[in-house]
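*Asks:* Can you keep this structure in mind? I'll have questions shortly.
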Amino acid sequence: MTIIRKKHPLIKIINHSFIDLPAPSNISSWWNFGSLLGLCLIIQILTGLFLAMHYTSDTATAFSSVAHICRDVNYGWLIRYMHANGASMFFICLFLHVGRGVYYGSYNMIETWNMGIVLLFAVMATAFMGYVLPWGQMSFWGATVITNLLSAIPYIGTTLVEWIWGGFSVDKATLTRFFAFHFILPFIITALVLVHLLFLHETGSNNPTGLNSDADKIPFHPYYTIKDFLGVLILLMAFMILTLFFPDILGDPDNYTPANPLNTPPHIKPEWYFLFAYAILRSIPNKLGGVLALILSIVILAFMPLLHTSKQRALTFRPITQTMYWILVADLLILTWIGGQPVEYPFIIIGQTASIAYFAIIVIFMPMAGMIENDILDLD
């Protein structure tokens, strides 16, 4: 068996990635989220495949086909709610995974980090298009508002929006192409994940100290396979509690009303995982400025290696930057809350303050804190 594992051209790739992979001996539970994201992706692809067997991407029947899945298909209600809440679990794991990367300075593995940012954009695009498919009120108006943002691009904006819509408004052509893209993107994401892992295995994993761990490596199997399995059990437990007891808690009641172009919902808002970016978008009165801020809120992650001023990699032994980091986390929670609130006083000013704070902490305060910590170290 050992000979096959190490010699077979296909199995040896799996062996070098998941079995004999040298891993740091001290990586904590924060390193479990990679495998959990892999699990989420598998769940989403499988449930999505079964949903696609019964779904029809036509404006006249899309809403009814989702109702048919929930009422008439064997365990269709379970598949539908697993897919909808699976997206939420996916984003929870994604945010924690990125947050771990920022905290422990994993962004210094530049290729892996940039691939991760591409993956984040791909997953966000997939989730957005998936939200349009049930063709409820929030699906329709969310698609209208978000795609309409592209009209802020000078000269070609309006033409670009109509090209994406396939007409002069969000309609049958839009729904059909969104379904096609929503179906193909997860497979593209799977390919990108393999590239992400390829880059990761070039350098090896980071660890909680931020120090080089080449002198102290252990095999991935059985130590981290069993550890990942515990994470999988906890995730599945939380996932099934969410899906079976509170299936609609993260959804919007407006999406149980069929799409109606003549009736605008009182508050148009995206799913909870986009609310922080939506709050940043809304906090700038200018349309183009808002769109740029929205894009920059994610793209700014790519600049983190350039903004790293400290002599140490991780925040483990850096209390000043740690404080900045947790203020940033709190700020993101505030932005998420604001994104779901109506555009009125005092929410507007809170959103604007939180948006400025978000960029200021990343671009100004965290690099400054790093330099101050360097000076404190030099005093010794």
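Going from the start of the chain as shown, residues are counted 1 onward.
Cβ atoms here come from the backbone N, Cα and C positions, even for glycine.
Got these off Swiss-Prot a minute ago, pasting:
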TRANSMEM  33-53  transmembrane segment
TRANSMEM  77-98  transmembrane segment
BINDING   His83, His182  heme b b562 binding site
BINDING   His97, His196  heme b b566 binding site
TRANSMEM  113-133  transmembrane segment
TRANSMEM  178-198  transmembrane segment
BINDING   His201  ubiquinone binding site
TRANSMEM  226-246  transmembrane segment
TRANSMEM  288-308  transmembrane segment
TRANSMEM  320-340  transmembrane segment
TRANSMEM  347-367  transmembrane segment
*Asks:* When you scan the chain for residues with a C-beta under 8 Å from the transmembrane segment (77-98), skipping those not six or more beyond its ends, what do you find?
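*Replies:* For the transmembrane segment (77-98), the far contacts come to 30, 33-34, 36-37, 40-41, 43-44, 47-48, 50-51, 66, 69-71, 116, 120, 123, 127, 130, 235, 238-239, 242-244, 247, 250-251, 271-273, 301.
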*Asks:* Around His97 (heme b b566 binding site), how many other CB atoms lie within 10 A of its CB?
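*Replies:* Its Cβ has 20 other Cβ atoms within 10 Å.
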*Asks:* For His83 (heme b b562 binding site), which residues in the same chain are close in space, meaning a Cβ under 8 Å from its Cβ, but six or more apart along the sequence?
*Replies:* Gln44, Thr47, Gly48, Leu51
*Asks:* Is the transmembrane segment (320-340) packed against any residues at least 6 beyond its ends, judged by a Cβ distance under 8 Å, and which are they?
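*Replies:* Sequence-remote neighbours of the transmembrane segment (320-340) are 99, 102-103, 269-270, 272, 274-280, 282, 310, 347, 350-351, 354-355, 357-358, 361-362, 365-366, 369-370, 372-373.
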*Asks:* How about the transmembrane segment (288-308) and the transmembrane segment (33-53): at least 3 CB pairs under 8 Å, pairs 6 or more apart in sequence, or not?
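*Replies:* Contact between the transmembrane segment (288-308) and the transmembrane segment (33-53): absent.
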*Asks:* Round to the nearest Å and give the CA-to-CA distance linking His196 (heme b b566 binding site) with His182 (heme b b562 binding site).
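*Replies:* Cα to Cα, His196 (heme b b566 binding site) and His182 (heme b b562 binding site) are separated by 21 Å.
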*Asks:* Quick one: do the transmembrane segment (33-53) and the transmembrane segment (347-367) reach 3+ CB pairs under 8 Å, ignoring pairs fewer than 6 apart in sequence?
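*Replies:* By the criterion, they do not touch.
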*Asks:* Checking distant contacts: for the transmembrane segment (347-367), what same-chain residues at least six beyond its ends satisfy Cβ-Cβ under 8 A?
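*Replies:* 279-280, 282-284, 293, 296-297, 300, 303-304, 307-309, 321, 324-325, 327-328, 331-332, 334-335, 338-339, 341.
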*Asks:* Checking distant contacts: for the transmembrane segment (113-133), what same-chain residues at least six beyond its ends satisfy Cβ-Cβ under 8 A?
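*Replies:* For the transmembrane segment (113-133), the list is 48, 55, 57, 62, 66, 87, 90-91, 94, 97-98, 101, 106-107, 139-140, 142-143, 146, 174-175, 178-179, 181-182, 185-186, 188-189, 192-193, 195-196, 199, 270-271, 273-274, 298-299, 301-302, 304-305.
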